[in-house]
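According to TrEMBL, the protein carries these features:
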type	residues	note
TRANSMEM	58-75	transmembrane segment
TRANSMEM	87-105	transmembrane segment
TRANSMEM	112-132	transmembrane segment
TRANSMEM	152-180	transmembrane segment
TRANSMEM	200-225	transmembrane segment
DOMAIN	258-397	domain 'GGDEF'
REGION	384-416	region 'Disordered'
COMPBIAS	387-402	compositional bias 'Basic and acidic residues'
Amino acid sequence: MTDFKQSRVGARIGFSVSMDGLRLGLVKMLLDILDVFSVSRHSRYFNQTRAHHLYKRVRLIALLLAVLQTAWVFVDQLLLPASVQNSIAIGRVVSSGALLLLLAWYKHPYSLGCALLRLALLILILSGFQTYSNAVLFSAGYEHSVAGYQFFPFMIVAMQAIFPLTVVEVIAVTAAVMLIEVLTQTLSGHFGGVSELNALWLLGVLAVIAGWASINQLGMLLGLYRQATRDALTGLANRRQVMEHLEGDVLLCQDEGRPISILMMDLDKFKSFNDNHGHAAGDIVLKQFAKILRKQVQPKARDRKGNLAGRFGGEEFLIILPGQGAERAVEVAEQICAACHLSPVRIPSGEQVGFTTSIGVATLLPDETPSDLLRRADEALYAAKSSGRDRHVLSGEERDNDATGYEYEPAEKVPV
């Protein structure tokens, strides 16, 4: 009887574990879908990376199609009646010229809006030539399939597969191409015919396949980007990403005449904490602190858009606040210090322990470099640690010994 009860308990535990695994799997799948559905969950920095991918590929496709459009004039001489050759040739030259102009547009390679506009113009140029050429052929009474013309909408839809696009963007491209094809068939007076409906059906199937490839490509790009730019333990930006985007944000804010501030943080007595409680407990503290920082940079408020939190190394962290001056940066530092007091963690030994942080705050000065800004933030952090820890210091205050913070003796343990 005892063995039977034990087996039932084991079965229940196994079922519970399986259900938990299923829930986690469903949550992960939902998050993966949300990641590729629209740009709402993408960081400004990933959008810049994807924009550059789109920029390079649109320009390459524009160059190839401009060459092919012009070269196809010689094929038209063999396949088309003489009455339409000149009109079609003019259309090819115009579309090739438009493609070359698109190729020549090299500005704003990291703007996602410009990248999507480039893609839209590429589709518009190709669709415009498709509609024009079909109108010329139908007006001349030439209704047979002509090599290089009937496949245009299929080529445009299939072209999606080489671009990393969101679900919303794929739907928009597919809807635009399908609408243009329906319009072309309607103008020719053949909409609703068996062959035309069959063409629309094939176009839709191809759009699903190409769209799936495009969305998967976006998911892979997003995954690789996160692996390359995120700290594995905390999920925050790693040092490489922090440095790259600090340099970019400093240049951007200087060009636009906006302020930019940074917060350099260090967990107080973290090495001794690791020695006393073990590295597993230290990892729990690092993760909890990362949650606090992530909450501070979430773009819920207008002034938080573009903020970045990263792990700078070991127990050191950095927050970049583009567009924010010293007053706002100090406010964020105060919120972080207060949040640490309210966020004790339970470590593997079962104890509940607290942690504190020291913060150096610096705001960019005129003609200052990112290295200068980091140096001043580091000096302010040193001043905060020297004056008692668990506090923040604004750069420039350290000489006046005007550190601000909580006056109390930090304790590792807090009441449960």
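Using the three backbone atoms N, Cα and C, a Cβ is placed for every residue, glycine included.
The structure displayed is predicted, hence computed values, not measured ones.
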Helix-strand-coil residue split for the domain 'GGDEF' (258-397), DSSP-based: 63 helix, 36 strand, 41 coil
Close approaches to the transmembrane segment (152-180) from elsewhere in its chain (Cβ under 8 angstroms; 6 or more beyond its ends): 36-39, 50, 53-54, 57-58, 61, 116, 119, 123, 126-127, 129-131, 199-200, 202-204, 206-207, 209-211, 213-215, 217-218, 221
Integer average pLDDT (0 to 100) for the domain 'GGDEF' (258-397): 90
Feature contact check the transmembrane segment (58-75) with the transmembrane segment (112-132), CB under 8 Å, 3 or more pairs: yes
Long-range environment of the transmembrane segment (58-75) - Cβ separation under 8 angstroms, sequence gap at least 6: 88-89, 92-93, 95-96, 99-100, 102-103, 106, 115, 118-119, 122, 126, 129, 147-148, 159, 162-163
